[in-house]
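Student: Have a look at this one.
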Amino acid sequence: MSSTGEGKSPIRILITGAAGQIAYSLLYQICSGDVFGQDQEVIVNLLDITPMLGVLQGVVMEIEDCALPLVKGVFPMDKEDEAFKDVDVAIFVGAMPRKEGMERKDLLSANVKIFKSQGIAIEKFAKKTCKILVVGNPANTNCFILAQNAPSIPRENFTCLTRLDHNRAIGQIASKLKISPKLVKNVIIWGNHSSTQFPDARFATVKANDKEMPAYDALKDDNWLKNDFVSIVQKRGAAVIAARKLSSAMSAAKAICDHMRDWWFGTKDHEWVSMGLISDGSYGIEKGLVYSYPVQIKGGKISIVQDLKTDDWSRDLMDKTQKELVEEKNDALKATSN
Ligand SMILES: NC(=O)C1=CN([C@@H]2O[C@H](COP(=O)(O)OP(=O)(O)OC[C@H]3O[C@@H](n4cnc5c(N)ncnc54)[C@H](O)[C@@H]3O)[C@@H](O)[C@H]2O)C=CC1
Ligand SMILES: O=C([O-])CC(=O)C(=O)O
């Protein structure tokens, strides 16, 4: 037993798409204790497709070369049955990324089948307590298909990543006000991780000159918050692809860490974050859809922040993104029906 983590059993974490670019930015943070704590040892299962096993070997060598005390094992794999066995946390990154000019839902037919097969595998092999985060696009609908195929895993264990959009929203407000991002809180991403998402700053607050105030009051630019802000956040992924010729990876990995850390340790008092969840019907959203909501977390339990007021403008945007999710769900069910 190492000097850290005395008395705690190691947790087993699965990362799919482990030979890809997001995983390359993610693994150091997971293995160094930045996400699950400096006293939590980890065993990491790295799943990718067979042709990537050689690349995975290189990733394993690099983790070994980091000489990280919390790492109790790293296993490169190409078999879902082995990869999902007894995992405590599963991060589903493995999927095709989009190219310039595509929408994320254009990936649906290629990627959704992966999530059907992996849903069947978690149903058979993962612990029923496994915490699941879907990153691969279209993330909400892939998460829906994963959950459909793993009926014995509790619904509240399924989440998808909209934290990158949440962080982008914070970044935009902070940079407009020329303040640190840590002084901005309670933005919301509603709906789909797509260009129909609704980045909502109506309840966001900022701390400026030592005073906490609504972001709307601090910015004094409602037009920007209702138009450019929304559209910049909605289209940020596409802007990164246009510039980098590859989709976001460093910021996606950082957002994955923020999402999992908050799930593991809880959110701060009076603060919320955004997560894609299987809807329980809150805010009139179709039950069962994977929709991004503002959430607070205590003791591992995720609760949707309730009773935030909607007006005609916000309701319309919340409904538009829901409509797209219903269409994606129907297309995904068709694509996975045999
Ligand atoms: N939800 C979000 O906020 C974000 C989602 N993404 C999405 O994440 C996904 C991964 O992105 P990158 O790492 O940049 O892509 P990448 O192409 O660099 O890596 C993807 C990896 O997945 C592997 N893979 C493919 N099929 C697999 C399967 N059946 N099982 C296991 N592994 C499999 C590939 O071989 C590859 O190594 C993409 O779908 C991308 O669109 C990217 C950024 C943000
Ligand atoms: O835009 C993409 O395709 C990758 C992604 O999900 C993001 O950067 O938010």
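Backbone N, Cα and C atoms are what each Cβ position is placed from, and that goes for glycine too.
Heads up, TrEMBL stuff is auto-annotated, nobody curated it.
As listed in TrEMBL for this protein:
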- 12-158: domain 'Lactate/malate dehydrogenase N-terminal' (DOMAIN)
- Asp48, Asn111, Val135, Gly136, Asn137: NAD(+) binding site (BINDING)
- Arg98, Arg104, Asn137, Arg168: substrate binding site (BINDING)
- 162-334: domain 'Lactate/malate dehydrogenase C-terminal' (DOMAIN)
- His193: active site, proton acceptor (ACT_SITE)
Student: I'd like to verify something. Among the recorded positions Val135, Arg168, His193, which ones have a C-beta closer than 6 angstroms to some atom of ligand 1?
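Tutor: Among Val135, Arg168, His193, near ligand 1: Val135, His193.
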Student: Go through Arg104, His193, the listed recorded positions, and name the one with the sparsest Cβ surroundings, counting other Cβ atoms within 10 Å.
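Tutor: With the recorded positions Arg104, His193, fewest surrounding Cβ atoms within 10 Å: Arg104.
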Student: Cβ under 6 Å from an atom of ligand 2: which of these binding-site residues qualify? The list is Asp48, Asn111, Gly136, Arg168.
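Tutor: Result: none.
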Student: DSSP helix, strand and coil counts for the domain 'Lactate/malate dehydrogenase N-terminal' (12-158)?
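Tutor: Here the numbers are 67 helix, 27 strand, 53 coil.
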Student: Using C-alpha positions only, work out which of the binding-site residues Asn111, Val135, Asn137 is nearest to Arg98 (substrate binding site).
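Tutor: Closest candidate to Arg98 (substrate binding site), judged by Cα separation, is Asn137.
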Student: Nearest to Arg104 (substrate binding site) by Cα distance: which of the binding-site residues Asn111, Gly136, Asn137 is it?
Tutor: Asn137
Student: Please work out the number of neighbouring Cβ atoms within 10 Å of the Cβ of Arg98 (substrate binding site), leaving out its own Cβ.
Tutor: 19
Student: I'm trying to understand the geometry here, so how far is the Cα atom of Val135 (NAD(+) binding site) from the Cα atom of His193 (active site, proton acceptor), in Å to the nearest whole number?
Tutor: 10
Student: Rounded to the nearest Å, what's the C-alpha distance separating Arg168 (substrate binding site) and His193 (active site, proton acceptor)? Just drop the number here, would you?
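Tutor: Here the two Cα atoms lie 12 Å apart.
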Student: Could you state the whole-number distance in Å separating the C-alpha atoms of Asn111 (NAD(+) binding site) and His193 (active site, proton acceptor)?
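Tutor: Here the two Cα atoms lie 15 Å apart.
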Student: Would you work out the biggest C-alpha to C-alpha distance among Asp48, Asn111, Val135, Gly136, Asn137, the residues that bind NAD(+) according to the record, and give it in angstrom as a whole number?
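Tutor: The widest Cα-Cα gap among those binding residues is 16 Å.
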Student: DSSP on His193 (active site, proton acceptor), three-state: which is it?
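Tutor: The residue in question, His193 (active site, proton acceptor), is coil (DSSP, three-state).
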